[in-house]
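These features come from TrEMBL:
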type: SIGNAL; residues: 1-21; note: signal peptide
type: TRANSMEM; residues: 226-248; note: transmembrane segment
type: TRANSMEM; residues: 296-323; note: transmembrane segment
type: TRANSMEM; residues: 329-350; note: transmembrane segment
type: TRANSMEM; residues: 362-384; note: transmembrane segment
């Protein structure tokens, strides 16, 4: 009965790591912190940069939010913003800051807008996403190319009781500031508005639950492509069929030769006939022969078993609804914790198989199993970052 309390404690801890929400309750007029997070090209969400790398309004000094390891691995770079938002208090076109953009800064903004850069803000763990600017292309001859910068943002927030249940940012009712034919210094005034509205208690969970990390802003590239799956399955079946046909022909010829040899041996006049091992019978000599790199084989087997357990655990947790969609980096945090907890699986599988095949350098086997994945991963992460 000893393992059951441990498993219950482990499941509870994983659920806390993955699900634990950071609910915030506000009073009337209390300041609501809006964090700026990151920017990047719309068609490549994995390529992200700090929001303040663009020439935008930024406080002095810039204060960053303390992030979890999962949030860091998720590419989050949250920092405090200059937006002043108070709970249930509307704001109509308030000036955020006034900047004078140099020609280099204007060119950086133009390049970001041409690459369809989006920004991401976070309010009470709710992501708000929008585009940095607006680009319009029309005609062939003559070709027109217009680029505009969104200098005004409308924030729409819904509340119920003392909690924020929905947040969105929009630029529908504003006109972009043109960045075409700019020479020299360009003065820009950034403004914003805040609109609060109350929602019913029945819609509270629905609204907040629907505003997840995948809120429809990015294109759905993970849809199931049934035609590709069918093509892959047909290809696998064909390859398996070819291999089976070839093996059956080889085995059929070997069996026919063995039968002829036995008949010849029985009809002989008592002379010794050494049939020997040939054909498919020599497989048994290869099966029981130890591989030359047994440590590497055992390490790969152990790490593979660990990742099998890790993937199974993540899938089971996702199916049980243990991941909070509003918690940035929840899956990454759970994966790191499960990776640490499943190290014993790789160690046991690798060392046990290494002992069975007669290995003697068990210390080297343990070190190789430990560093087979973690060392290349750390080196890659160090170079990329």
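Cβ atoms here come from the backbone N, Cα and C positions, even for glycine.
Unlike curated entries, TrEMBL annotations are predicted automatically.
Residues of the same chain that lie 6+ residues outside the transmembrane segment (226-248) never bring a C-beta to less than 8 angstroms of a C-beta in it. Beyond its flanks by at least six residues, the transmembrane segment (362-384) meets 295-296, 298-300, 302-303, 307, 343, 346-347, 350-351, 354-355 of its own chain at Cβ-Cβ distances under 8 Å.
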